[in-house]
Amino acid sequence: MIGLILPAADFVAPKIEYTELMPMLVVFGAACVGVITEAFLPRALRHAAQLAITVVAIVVAGVLTGLLINDNKELIAAQGAISVDGPALFTWLILLALTLISVLLFAERSLDGGLSAFASQAAAVPGSEAEREGTAARIEHTEIFPLTLFAVGGMMLFASANDLLVLFVALEVFSLPLYLLCGLARRRRLISQEAAMKYFLLGAFASAFLLFGIALLYGYAGTMSLGGIADALAQDTGAESILLAGTGLIGVGLLFKVGAVPFHSWTPDVYQGAPTPVTGFMAACTKIAAFIGLMRVFYVALGGSRWDWAPMMWVVAILTMVVGSIVAITQTDVKRMLAYSSIAHAGFLLTAFVGLAQAGSGVSNGITSTQAVLFYLVAYGFSTIGAFAVVTLVRDAGGEATHLSRWAGLGKKSPLLAGIFAFFLLSFAGIPLTAGFTGKWAVFSAAWTGGAWPLVVVAVLSSLVAAFFYVRVIVLMFFSDLPTDAPDVALPGWQTTTAVALGLAATVILGLVPGPVLELAARAGEFIR
Amino acid sequence: MKIGWLTLLLLLPFVGALVTMAVPKAKALLSKQVALGFSLVVLVLTAIVAVGYHQNGAEKYNETHTWIKAFGANYALGLDGVGIVLVVLTALLTPVVIIASWNDADNGRWSSKSFFAWILALEALSIGVFSATDVFLFYVLFEATLIPMYFLIGGFGGPQRSYAAVKFLLYSLLGGLLMLASVIGLYVISARAGDPSYLLSDLIKLDMSQNTERWLFLGFFFAFAVKAPMVPFHTWLPDAAGEATPGTSVLLVGILDKIGTFGMIRFCLGLFPNASEWATPVVLVLALISVLYGALVAIGQTDIKRLIAYTSISHFGFIVMGIFALTSQGLTGSTLYMFNHGLSTAALFLVAGYLISRRGSARIADYGGVEKVAPVLAGLFLFAGLSSLALPGLSPFISEFMVLAGTFSNHKVIAVIAVLGIVLAALYILLMYQRTMTGPVRDGIEKLKDLNAREILAIAPLVVLIIGLGIFPKPIVDIIKPAVESTMQRVGVTDKAPEIPVTEGQK
């Protein structure tokens with residue numbers, strides 16, 4: 001109605017930088033094509049078609065991102081809504097690479113008698129006749145591919161959102177598909193559905209916190225754009241309390257996605273219940289997107305009030321590291337253990353985040369926080385997906401054998417598989433000559449460079465505790481006897497083999513010659529406003 | 001690209017480990033021969049390097065390549081008098097252990113070829129540790145040595161091996177991670193001063209505030225004290241050495257633990273000279289406690305391997321004491337001690353291993369009268385024991401004497417009390433010999449076979465060196481001296497003039 005009253009001449013078409021946003025547009029476009037394909041293509045062709053669309057879209061988007069990085073593009077696009085800067089482009093690239101590996105795992109069908117890891121009919125009641133019929137007819141939910149594309153598109157948008165509203169929209173765009181994907185496990189469907197439900201409810205709760213925080217910050221600054229909020233902070237409008245409350249609430253929403261203590265309680269349940277390929281995807285990609293989003297909001301918009309929020313983040317970082325590593329010791333399920341390990345890793349990442357090693361806070365030489373975090377996320381992402389891919393291979397009659405006691409003596413049964421998993425664990429533990437060590441070194445030095453050396457000491461001690469439970473699994477695999485009813489090691493198809501091989505290669509290369517990736521992360525520079 | 005000598009020494013055992021693993025499982029003998037062949041080639045190359053070092057100095061062997069620019073880390077290798085001695089020790093002990101452990105791994109958890117492959121991997125990493133002149137590279141290799149040792153203990157040992165392996169790993173990681181904090185601290189200081197660099201030659205130019213230097217020193221020292229091991233961080237060693245195979249114990253005590261004392265000389269004294277001087281009183285007292293406590297507990301042991309492990313704790317006390325006495329005599333003595341201790345402990349562990357593998361028990365009470373049934377074994381055991389208690393004429397005597405004399409000139413009380421350690425050493429060695437080798441022949445000992453040619457061959461080089469260096473230690477002292485002098489200069493201490501000057505006539 002209002003549009004009718006406005007004179008037509010006042011309408012200016014928004015300027016959209018299509019070249020710079022193309023990677024994201026490709027992903028979203030392909031997701032829409034995927035949905036249409038789902039409706040029109042006969043069932044027999046869907047799997048191949050969806051896989052092709054997804055892989056092509058990701059590869060094209062990745063190449064386009066690479067070109068943008070090569071051109072040193074840096075600008076605020078889409079009328080100030082999206083910032084295409086160095087860290088954003090770097091994040092896009094790793095998100096796309098990791099998604100590609102995850103999609104390969106999604107497409108794996110040779111592990112479970114020719115069926116994928118996903119339920120045939122998500123709507124069928126677990127254990128019912130309809131479910132059996134669906135399985136017998138080899139029906140598959142090929143919607144997982146467009147859902148994944150939507151999720152990764154949302155993550156890309158999240159990592160580059162320059163406006164709190166865009167940030168929120170992006171959060172929902174990537175969260176909703178993930179809630180769905182979590183509930184689609186073919187085996188242990190009840191746990192899977194429970195995980196989806198928990199994730200959804202707690203996620204919605206966290207979104208509400210975030211939204212409320214956004215509203216308060218808008219009340220403080222009178223604008224949603226990150227740069228605008230920074231300007232308002234610089235002018236010191238005097239509404240301190242509303243700013244602090246807004247900062248805290250936004251922090252809760254973002255730390256929930258990162259999986260930091262005390263907002264971590266969903267992680268173990270969801271990681272355990274979700275289909276393992278989805279867990280790998282979530283553990284790697286959600287963490288990356290959420291972390292970059294967190295850093296962007298706090299560095300760009302709230303950098304001026306860092307002395308207000310840094311103490312809070314110190315506490316969160318310490319809690320996350322300590323709780324993550326200590327509680328992991330008591331876990332008896334591989335997936336839950338990896339979940340707690342991912343919490344501990346979030347804590348290590350937070351040390352670099354609160355270290356604030358950046359030119360803006362007077363650190364001129366050496367490694368910056370952004371560089372360290374970006375590198376750590378690459379190292380962590382590849383190892384994590386590789387580790388979860390290995391978990392999909394250890395199976396018995398009931399599907400994956402994830403209870404730790406079932407992994408006893410695996411080194412005897414399949415030395416190669418156990419060796420690879422041990423290598424991933426050593427990388428998580430931060431043993432030198434693996435990617436995990438280089439990453440840890442990077443974040444710890446960024447933290448210390450910024451003056452947060454007590455955090456480094458805590459981090460180092462937590463690393464020791466963490467090393468204990470990683471080593472425990474290695475002991476179990478190599479130094480225990482093989483039980484008679486040991487689970488089988490499934491022969492992986494090319495998809496899983498590729499995923500594991502890529503994860504392994506990245507973990508080795510980033511451990512031995514991390515130079516190029518570190519340079520690339522350094523070139524990404526700082527967030528722009 | 002030209003491959004440097006040290007890179008070659010580092011790569012060759014790695015290649016050897018891979019080749020050993022590639023040998024088909026059925027050909028166990030071939031895999032052992034391959035491993036032995038590689039270790040012998042490394043030994044020959046090391047000998048060439050050592051002779052070259054002695055004649056032409058260290059310049060020729062320095063290598064520096066940028067590794068990770070953002071971290072200021074370099075792939076930098078180089079030698080000094082302390083480093084070359086330990087590289088030689090590593091290259092020497094590896095083939096000895098391979099020959100001595102020829103059949104030890106046959107009944108292990110995994111195929112025997114993996115045992116020998118891990119040994120070669122450990123040799124490669126140890127050579128790297130002793131020749132790294134970049135702190136980052138040193139740290140990486142230092143931590144990486146844990147992995148082969150972990151699998152050597154956990155894969156091929158006694159019934160409690162998993163426990164021992166995990167204990168070993170966790171203790172070492174605790175030390176290593178605290179050192180990591182200090183390593184990162186060095187980076188931060190280096191970055192503040194300009195472009196970050198981890199090269200030792202750049203780091204010694206850094207200015208540090210007194211407090212920073214002390215904190216960083218503590219991080220390094222703690223890691224090395226756990227590694228060495230010093231009381232009270234020593235409890236992992238008896239467990240690890242008691243459960244591991246004798247060959248693994250030799251590598252653990254003979255080589256790996258030397259990284260601790262080596263690190264004290266190169267990094268604690270080299271990078272933090274003022275803090276080292278500041279810490280001297282506490283360190284010396286801890287060293288003294290290690291000497292006495294290790295020896296006393298050794299006397300009370302009922303298990304041969306654990307007994308030897310405790311004697312090593314006592315010996316490491318002497319080494320640390322010599323280092324932190326801060327006299328050139330003490331430091332030279334300690335370096336020499338590291339080498340000699342490697343020889344004598346290797347001999348003792350290996351002969352004890354021969355004995356234990358024959359009877360199938362490590363309990364002292366199960367033995368008696370062995371010298372009547374197996375005279376060669378008993379004779380070598382006595383010889384190894386005597387060298388361990390520093391009998392004059394054998395090489396450990398010279399180093400122990402130098403350590404005590406060096407300590408005496410600066411810290412009389414400590415040196416005087418430490419002399420008790422020698423008395424206790426005679427006690428624990430001779431008691432063990434008396435209980436196991438002399439007296440009436442016990443049940444189960446009657447049919448004990450004497451040593452075979454392979455077993456004697458493994459010990460022979462050690463015996464020759466122990467006697468040779470006992471009579472004529474000059475060549476090795478000449479190599480150590482310059483490095484010790486430059487370290488002393490760095491710390492900024494000079495030896496006290498003797499109270500009774502040497503007069504013309506006495507010369």
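Placed from the backbone N, Cα and C atoms, the Cβ positions cover glycine too.
According to TrEMBL:
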TRANSMEM  B:6-23  transmembrane segment
TRANSMEM  B:35-55  transmembrane segment
DOMAIN    B:66-122  domain 'NADH:ubiquinone oxidoreductase chain 4 N-terminal'
TRANSMEM  B:75-102  transmembrane segment
TRANSMEM  B:114-130  transmembrane segment
DOMAIN    B:132-424  domain 'NADH:quinone oxidoreductase/Mrp antiporter transmembrane'
TRANSMEM  B:136-156  transmembrane segment
TRANSMEM  B:168-189  transmembrane segment
TRANSMEM  B:215-237  transmembrane segment
TRANSMEM  B:278-300  transmembrane segment
TRANSMEM  B:307-326  transmembrane segment
TRANSMEM  B:338-356  transmembrane segment
TRANSMEM  B:376-394  transmembrane segment
TRANSMEM  B:453-472  transmembrane segment
Averaged over the domain 'NADH:ubiquinone oxidoreductase chain 4 N-terminal' (B:66-122), what pLDDT does the predicted model reach?
90
Taking helix as H, G and I and strand as E and B in DSSP, count the residues of the domain 'NADH:ubiquinone oxidoreductase chain 4 N-terminal' (B:66-122) in helix, strand and coil.
34 helix, 8 strand, 15 coil
Going along the chain, which residues at least six beyond the ends of the transmembrane segment (B:376-394) come within the CB cut-off of under 8 Å?
311, 315, 340, 343-345, 347-348, 351-352, 354-355, 370, 400-401, 422, 425-426, 429-430, 432-433, 436-437, 448, 450-451, 456, 459, 462-463, 466-467, 470-471
Look over the recorded stretches B:35-55, B:168-189, B:278-300, B:307-326, B:453-472 and say which has the most C-beta pairs under 8 A to the transmembrane segment (B:136-156).
B:168-189
Residue list, the transmembrane segment (B:168-189) vs rest of chain: Cβ under 8 Å, 6 or more residues beyond ends.
71-72, 135-136, 139, 142-143, 146, 149-150, 153, 196, 198, 203, 206, 208, 212, 215-220, 222-227, 229, 233, 235-236, 239-240, 271
Distal contacts, the transmembrane segment (B:278-300) - CB-CB under 8 A, six or more residues away:
214, 217-218, 221, 225, 230-231, 234, 307, 310-318, 320-321, 324-326, 407, 411, 414, 417-418, 420-421, 424-425, 427-428, 431
Go through the chain and flag residues at least 6 beyond the ends of the transmembrane segment (B:307-326) whose CB is under 8 A from any CB in it; none is fine as an answer.
225, 228-231, 234, 237-238, 240-242, 249, 253, 257, 260-261, 264-265, 269, 276-277, 279-280, 283-284, 286-295, 297-298, 301, 333-334, 337-338, 341, 345, 348-349, 352, 364, 388, 400, 402-404, 406-407, 409-411, 414, 418, 421, 424-425, 428-429, 432, 488, 491, 493
